[in-house]
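Among the features that TrEMBL reports, transmembrane segment is placed at 7-29, 41-62, 83-104, 110-131, 140-158, 249-269, 281-302, 322-344, 356-374, 380-398, 410-428, 440-457 (among others).
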Amino acid sequence: MQIVKNYLYNVSYNLLAIILPIFTIPYITRVLNPREVGINSATNSVITYFLLAGTLGITIYGNREIATKRDDHTARSQTFWEIEFLQITTIAVSYIAFLLYLSLQHEFRIYFFYQSFWIIAGAFDISWFFMGMENFKKTVVRNMLVKVISACLIFTCVKSPDDLGIYILILSLSQLIGNITLWPYLPKFIRKPIFSKLHPLRHLRPTLTLFIPQVAILIYVSLNKTMLWKLDSVTASGFYDYTDKITKIALSVVTSLGTVLLPRMSHLYGKKQFDKIKSYLINSSSAMLFMGTALAFGISAISNSIVHKFLTVKYQPVGTLLMIEAPVLILIALSNLVGQQYLLPLRRTKQYTKSVTLGAVTNIVLNIPLILLLGVKGSMISTVVSEAVVTGYQLWVIRNDIDVIRLFDGFYKYVIAGVCMFAIVFYLDNYLVPSYPHMALEILIGAVVYCLVNFILRTPVVKLAKEFLATR
């Protein structure tokens, strides 16, 4: 039941993350031109490198370590302080490196500085602790408040393209303040640090092993935007950014389950309960494929309306890009399932690292020729192929542990349901005049059709739902 509660907390936040852009994205695309959006995208992508270097692999590592020690008050207190002091140190080093970079950078300097508060915010990010404790309520409530307040400030303070700096500051400072607000809850869960007993550096090596896959994952997003900026244009980077944002917002509904299950799987691994781990994984695959398939076909079907109502005609290419990137919703659902819910909790970091490194290499190799030939469409194709490589390798490495075929149980039925939904909704999307009421109607009809076909075909997720309701 705790897993369901935590999942609902995460989904509620992700639903808010979906609803708010319905209002903020159309506003920003009308107030800021594609060039300004591209500047924000390009500068933020560079800042992300320094933030990642500062946090290393602490977000996942800290989550996992706290999960295995959460029943021991003394051990979890010591572990928390050691990891947090390490995080503060590495963030400080990263920020100094950023200042050196800034001194050499002549373009967009002021915007880079405004973005740098994201790096500082990383030093105060302790969400990994509460996730490891499976206390998702506090992080979700914090995140929701930050989202709402920052949205209100955007509507109030951002009025023209000249307000790009204000827009960036709102986003970066709200993240910093939001991270700080979690600290008052700490005394309930941990004791004060005994400095003589702390050994932060013992966590450096294991966090570095998780840093490599984090760098590789970053390549999929940030390097794509940076390469588009350099090989094509800053506007192309903006098109990619909005396409990826819309896709990732939808994807967050699926990956919420992975976020919730990582600490649970780590806890079960600590107790050597491998049968439960496999049971969770198989049930999770049904839920994630159900949602991932629905979102892939659903977003493709309403891509025309998304562009017209969210982004305006200036962002027309995004409609086609959304359809190209749609398979990523299914591929990342699977890689999240295997990577975040199995390989990482079971300390199989090397295999996880190899998978994302292969994806990163594929991304770089394909990006250069495809961007030069097809522009931003080429970058999207590269992203899809890279995600397919990651997912394929991860499934291959677990083939001797788990019957991989069972993970795909009923997948073809989800695809049939998705095709039925797509056919109806895509027709409506091209027949009806783009509007919010029509989009809502299309989504409602699509959801009904998808669920109805799933019920008729008796897919695994329907059986899971019946079992869950029977236990209530």
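Glycine is no exception: its Cβ is also placed from the backbone N, Cα and C atoms.
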Recorded stretches the transmembrane segment (322-344) and the transmembrane segment (249-269) touching, at least 3 CB pairs under 8 Å: yes
Spatial neighbours of the transmembrane segment (356-374) far in sequence, C-beta under 8 Å, 6+ residues away: 212-213, 215-217, 219-220, 223-224, 227-228, 231-232, 339, 381-383, 385-387, 389-390, 393
For the transmembrane segment (380-398), sequence-distant contacts whose Cβ falls under 8 Å of one of its Cβ atoms, 6 or more beyond its ends: 220, 224, 240, 243-244, 321, 324-325, 327-328, 331-332, 334-335, 338-339, 342-343, 348, 351-352, 354-356, 358-360, 362-363, 366-367, 370-371, 374, 404, 407
The transmembrane segment (440-457) in contact with the transmembrane segment (281-302), cutoff 8 A, at least 3 CB pairs, sep 6+: yes
Same-chain residue ranges lying at least 6 outside the transmembrane segment (281-302) that approach it to Cβ under 8 Å: 246-247, 250-251, 253-254, 257-258, 261, 322-323, 326-330, 332-334, 336-337, 341-342, 402, 406-411, 414-415, 417-419, 421-422, 425-426, 429, 439, 442-443, 446-447, 450, 454, 459-461, 464
Surrounding residues of the transmembrane segment (110-131) on its own chain - C-beta under 8 Å, 6+ positions past either end: 39-40, 43-44, 46-48, 50-51, 54-55, 58-63, 66, 80, 83-84, 87-88, 91-92, 94-95, 98, 102, 138-139, 142, 164-165, 168-169, 172-173, 175-176, 178-180, 182-183, 185-186, 189-190, 259, 262-263
Residues from the same chain, set at least six apart from the ends of the transmembrane segment (83-104), whose C-beta lies under 8 A from its own: 46-47, 50-51, 53-56, 58, 61-62, 65, 112-113, 116, 119-120, 122-123, 125-126, 128, 193, 198, 200-201, 203-204, 207
Intrachain neighbours beyond the transmembrane segment (140-158), with Cβ under 8 angstroms and 6 or more residues off its ends: 9-10, 12-13, 16-17, 20, 23-24, 27-28, 31-32, 127, 166-167, 170-171, 174-175, 177-178, 181-182
